[in-house]
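Features as listed in Swiss-Prot:
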ACT_SITE  224  active site, charge relay system
ACT_SITE  254  active site, charge relay system
ACT_SITE  332  active site, charge relay system
DISULFID  39-65  disulfide bond
DISULFID  43-67  disulfide bond
DISULFID  48-68  disulfide bond
DISULFID  54-71  disulfide bond
DISULFID  79-93  disulfide bond
DISULFID  87-110  disulfide bond
DOMAIN    35-113  domain 'IGFBP N-terminal'
DOMAIN    379-471  domain 'PDZ'
REGION    208-368  region 'Serine protease'
SIGNAL    1-30  signal peptide
């Protein structure tokens, strides 16, 4: 084809293009509408409109300019438009589109931001939800009715026994970093305060960790982290701080549930199936030991079912997860997660370097379901007595290890080894210390932790004989009464 011919075709094409009518495109129109309502150069909160009352379960969120606060749109509600109404957290504005009659811009519809993968979740109410968004939608409706919202307790349907699917994260080189990035926003730092008898001011007494299990502020931690008549302050990864109240506590399981009232919805962790965990699998422990937030340790699982009897807990029905992931003071209550980011345990106990234990997630799930059932029936937890000790019976192996580490360890063949005294507790007030050995309570010999538990349960006043190094001490303690 000649040059003149090509030039003629090009000219005809340009003329046809110029004669075509402009066709409005939704996203192009939406883009022009955003240009027509630019954000201010400087934010002046005094010029923000009065915030209307938001729908139940929805908190105010920053507008698209990050200046004023507006009511977010819930799932299925309109978003975008001339003023760019945002969606609630974890929702996105998308199709179907419609035109905003007030400004000519295009309105979208808020929908679930999660993908289809692993969408199905099981709620603490025993119902299977098609996605986290569906559960959140049901919870918003429940709050409007004054009903109790459900907590997501696992991935997959409620009737499923879990899967052994090897997630993609387990095949990546930076799998630890990927897990931490996913899990850390849901891990919280707990700071406990007590009132000084001299100044009558609240001073820090101890710290621990926990993790968020509901978007409205339910947090799981260890029971031994909490003590009676103390202020509990929760600090999120964002730095926001809230005062917490105790909702449920079980000292036998060493599990507790506390509640904060956040300004916005919180990121949650889902419980995996600890029964699916395999020996040799990588795990990651997160927490805030020594008040150092976002502390991460990793290790492998030695056994998934270290029975309480193996630890000398003859009457214990708990099977612990043993790992070499380091769990230090303050790490208690933090999550132990697999490489998919699912909670498979709660950091609980360190016996010695390289030997740590976690309460399995299946126990946590049952604890949450029992709490949910009690709330529905209007039953409050029973009052219990609390001493404030973490202890183990002196087995032969433990006795040999302690004598190897400490030549001054008491020359004793039986008793209960106190590996931690909870600060601010009745035990601490009585003078008990870490690494004491309890050999007698109220004139009765003590050889197992059950002996101590039964003595606390049956008596309002305890006379305790303790071995500390080469000393024999006589202490008295009155257990605390807690809910």
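Glycine is no exception: its Cβ is also placed from the backbone N, Cα and C atoms.
Remember, predicted model here, so these are calculated numbers, not experimental data.
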Using DSSP, how many residues in the domain 'IGFBP N-terminal' (35-113) fall into helix, strand and coil?
5 helix, 28 strand, 46 coil
Residues with Cβ closer than 8 Å to the Cβ of residue 54 (disulfide bond), same chain and 6+ apart in sequence?
60, 71, 72
Whole-number mean of pLDDT values that fall within the domain 'PDZ' (379-471):
86
Rank aside, I only need the closest one: which of the active-site residues 224, 254, 332 has its C-alpha nearest to that of residue 39 (disulfide bond)?
332
DSSP on the domain 'PDZ' (379-471): how many residues come out helix, how many strand, how many coil?
25 helix, 29 strand, 39 coil
I'd like to know which of the recorded positions 67, 68, 93, 110, 224 sit within 10 A of residue 254 (active site, charge relay system) at the Cα level.
224
Which one is closest to residue 65 (disulfide bond) in space, judged by CA to CA distance, out of the recorded positions 43, 79, 224, 332?
43
Give the number of CB atoms, excluding that of residue 39 (disulfide bond) itself, located within 10 Å of its CB.
13
So which recorded positions out of 43, 79, 87, 332 end up within 10 angstroms of residue 68 (disulfide bond), measuring C-alpha to C-alpha?
43
Surrounding CB atoms that lie within 10 Å of the CB of residue 332 (active site, charge relay system), all protein chains:
30
If you measure from the CA of residue 224 (active site, charge relay system) out to 10 Å, which recorded positions from the list 67, 87, 110, 332 are inside that radius?
332
What subset of the recorded positions 43, 67, 87, 110, 332 lies within 10 angstroms of residue 93 (disulfide bond), using C-alpha positions?
87, 110
